[in-house]
Amino acid sequence: MKLLKGLPVAKDVRVAIVGACFNAPIADRLVSGARETFFESGGSPDSLTVVRVPGAFEIPCAIKKMLSKGNLFQAIVACGVLIQGETSHYEHIADNVAAGIARLSVEFCLPITFSVITAPNVEAAWERAGIKGPNLGASGMRTALEMASLFSLIEKE
């Protein structure tokens, strides 16, 4: 039996982080967590691109534009923060952002991780940004690196 499993190693891996600016203090923490994890995993500054968009809804469109430029990245980490309000706006945005990212990942056969916090309130969002527990941006980067490594192994088969 052959087992293929990726490793969270960033050496020679080109990665992009697409981070929403809305809910900036929390979103910035996700982007920082992803960036720090990339460098801790052996990545070089020349191999990392950070793109900031106004809000989470703009993430899939920015990713699609980046991917239309060719094979520039081996993985993408999507970071954003959506906090539930009193209307259904939150559900519409969360559903469409998640579906858009998933669709692009499959369409381009590229690891695109969903490090978008969907929280009922600000306190819960901060917890998911690493205040009490793991930083979703950091875990998204680890997953992206593992998947990029796995895809490389699969291509060599």
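Every residue, even glycine, has its Cβ placed from backbone N, Cα and C.
Under the heading active site, proton donor, Swiss-Prot lists H89, citing sequence analysis as support. Taken residue by residue with DSSP, H89 (active site, proton donor) is part of a helix.
Here Swiss-Prot flags F22, A56, F57, E58, V81, L82, I83, F114 as 5-amino-6-(D-ribitylamino)uracil binding site. Under DSSP, V81 (5-amino-6-(D-ribitylamino)uracil binding site) is assigned to a strand (E or B) in the three-state scheme. The 10 Å shell around the Cβ of V81 (5-amino-6-(D-ribitylamino)uracil binding site) contains 29 further Cβ atoms across the protein chains shown.
Among the features that Swiss-Prot reports, (2S)-2-hydroxy-3-oxobutyl phosphate binding site is placed at E86, T87, R128.
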Among F22, A56, F57, E58, V81, L82, I83, F114, the record's 5-amino-6-(D-ribitylamino)uracil binders - longest CA distance, Å: 16
Cα separation, R128 ((2S)-2-hydroxy-3-oxobutyl phosphate binding site) to E58 (5-amino-6-(D-ribitylamino)uracil binding site) (Å, whole number): 21
Rounded Cα-Cα span from F114 (5-amino-6-(D-ribitylamino)uracil binding site) to H89 (active site, proton donor), Å: 19
